[in-house]
Amino acid sequence: MSSDLTVKHQVADFDTSKEIIANDYTYNNTTALTSHYPGASIECIDTNTSNKIDIDSNKNDQQQDALPPQKFLYFIKLKAHVHPLQFFFFLFSIFVSLAAIVYFAAAQSWVLTSILGISDNVGDATGSLSTYSEVTSIIFVIVWGIGSDHIQKRTIITISLIIIGVICIVYGFAPNLYPTLLILRLIYSIGTAGTTCMMASMFIEVVHAERAGLVSGLIGTCSGLGAIFAAFVLFTVPTEMAHLGTSPRDPNLIIYAYAAIGATTIAIGVILWFLLPKSPPSEARILSSTVKNNTRDRIWKNLWYGIVAAKDPRIALGYVSSFFARADEVIITHFITLWIQQYYIDEGKCFVGQYCPYASSSSRSQVGIAQSVALVIAPFFGILSEFNREWGLIVAGAIGVAGCIPFAFSIDPTSSQSLAFIILLAMGQYGMIVSGMAVIARDKIPTEFRGGVAGMYSLCGVIGIMVVSKVGGILFDKWMKGAPFLLLGIGHGLIALLALIHFIYMAIQRYVYDNKEVKLLYT
């Protein structure tokens, strides 16, 4: 019975924390905005009539909802102001941004070794660039989120893609690692932060809530297709432009490829401004200074709630999964291509200061095939998580361990055996992302505080990228090339173990202590 009382006490503490934070807010149902738009949605406003928002914006939203909604592919209901073609180009913008991001990250090893001629501490350099890049992203995700309250989201997407394209064009011309390449990488992160932030923000404003799960799956699919396109198509651009160089190993081919991809990204970004959906009129309203102050207060309280919510073991488990799942993305895109590049240099097939077509070809096959298989498998983790949230993490963690740890001790990262391990690694990555997001999707979390939990989930992922990429990069140079993957394997195993322990704990509460409130399925 003591264990039962402990569980009830923890639940009480969790609910009490929610009640304390909730009581700090005062809501006015007459003047609260009804839109779901992140950043622009201010559900919490001052009850003083001198500070109320004009209810005309509320009426505009209601009038829009009264219009017959249009559908994409006959079953995805869109908001009334969104045309199906505009929604298609929204998905296309995700595809384009992810393709450019994956290519930029993977080709960075070519810049370090082939253009800058760096042969020592390339792992540390890669990890440092990733770490500083994430710090910049944290800051500008907030900046772009606030900016989206005042300018069109399609404008931010266009600006972000232009930034990504411009940096791609000039990246290959950097004369040194510090400070030039670092500064360019930080500016590049401003663009990626904008596309990532607006991906989630525009998603909420264009579709109805009842189809949010299906649309999130479409967004994930477009992201995966973008990564696959980068691996199978963009990785071949330097080789296809060989006729422009003095030889097939001319390092200028990398510069030409970056420039071509960057110019294309800029052109697409400008065109998309005319094709993406506009923000609804109610979003353009200027809020009073009091409302803005209340918004700032809410941001901090939501952040605090995201921390307090970790008292729930499942949410804490979701935070830990985010730490390693986001790190998976960086390790796959940065360190696999870097390891392959170093392998061919060590074998004498490629040389520092020259373009390595062997590395480009092997990276294309290893990363592209792995991402393709993982993308097909990802929906099954979503189905598994519908039945039980913990088992999704257990299976994803086990698959990640089976891929990461053997691959960490591989001798040849380009072999067929290594490809099998990379496929398992990518499957574990996708499974961890899908299952981790399902774990934090709790009905017990008040709607107005779910943003705080989602924000803390993302913050844990950013911290994971910074820690694993930096530590993994140092170990890549000082210990062995597979060290970053060994770290990921340990992380996947830890998550699987924690999820299994929590599942067993819940089973004991359900069947031994006869706690009927504990559910093991459809929770």
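Note that Cβ sites are derived from N, Cα and C of the backbone, with glycine treated the same way.
Keep in mind that TrEMBL annotations are predicted by a computer and have not been checked by a curator.
Per TrEMBL, the listed range annotated as transmembrane segment is 126-144 (candidates: 126-144, 297-315, 316-334). By the Cβ criterion (distance under 8 Å, sequence gap of 6 or more), the transmembrane segment (418-441) is counted as touching the transmembrane segment (367-385), at least 3 such pairs being found. Counting C-beta pairs under 8 angstroms (sequence separation of 6 or more), the transmembrane segment (214-235) reaches the transmembrane segment (87-106) with 3 or more such pairs. On the 0 to 100 pLDDT scale, the domain 'Major facilitator superfamily (MFS) profile' (86-511) averages 85 in this prediction.
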